[in-house]
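Relevant sequence annotations retrieved from TrEMBL are reproduced here:
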- 79: active site, proton donor/acceptor (ACT_SITE)
- 179, 180, 181, 182, 183, 184: NAD(+) binding site (BINDING)
């Protein structure tokens, strides 16, 4: 296995990993260790090019710096991507090779479960490194972070609904959910229990069918989700889906979901604001997962109470962001980023 340094301005360390024996092609990006060791999941998905994989890793790792800071965690931002199809190409040998790459960074980066990965995969990675969280077993094992991620998003949806519609009662709301993976599914379950009407889409037809059966959801095509008339749009799949092409199609009052890096550019946050669509910044809305993972990294004893406290604090931060955005008449993303910048500035002083 070989690790190649990659020059990436604004990042502390980026390495490209190649292991011909296992077929591993991956990138680990450490954006910042200012608040603590960089923490962020590893996702496995096929990329169109090595450049696309690098761009994703860089964007995601920067997002983790913001997410961890917003959640009040003593952790920096990092992320890893494995360029492979998890359904066809994932092997124990590949996962172990990735674990050795994580170990080579000597604790600067902690990995965990993300798209295309499972707690069982984390256990395989953990045979080669101690710097892995999201394990299913062990003294401080935190397991699948998806249910906690969904709880945080659900809280954010309620808070955004209160700001936009005057009430957090979701039983009178229709929510369009894009993506029915681990997080999207748990979110649908919470929304359904709250009485919300659901419109869903996903590339997995079987999963969509289960959502229709379990939640009474209405299905729409992949590209049709943007034009659905609903109260809330919850993106829970890939990033950069809020852009100059999709934002004009939206017929909602709120955007709040679990996907990372939902805005293609900062300008897209302003586009949403100009259209009167309230955007709940993704790195605050979806911070529940890293809170869950942090219990393992930080070896928290009273895990459930600690998670509840952090989720409540995160939701208060969201309320502060949306209140500040309304007062200043700016995009909530601008307010959220300024809050994180203030946190980072204080720790640097």
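The backbone N, Cα and C atoms fix where each Cβ goes, and this holds for glycine too.
Surface or core, plus neighbours and distances: that's what I need for these features.
Residues within less than 8 Å, Cβ to Cβ, of residue 79 (active site, proton donor/acceptor) and separated from it by at least 6 positions along the same chain comprise 28, 29, 31, 40, 41, 42, 43, 57, 60, 61, 63, 64, 114. In the three-state DSSP classification, residue 79 (active site, proton donor/acceptor) falls within a strand.
Annotation note: residue 182 (NAD(+) binding site) sits in a helical segment as assigned by DSSP.
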Would you mind listing, in sequence order, the residues at least six apart from residue 183 (NAD(+) binding site) in the same chain with a Cβ closer than 8 Å to its Cβ?
146, 149, 150, 153, 236, 258, 286, 289
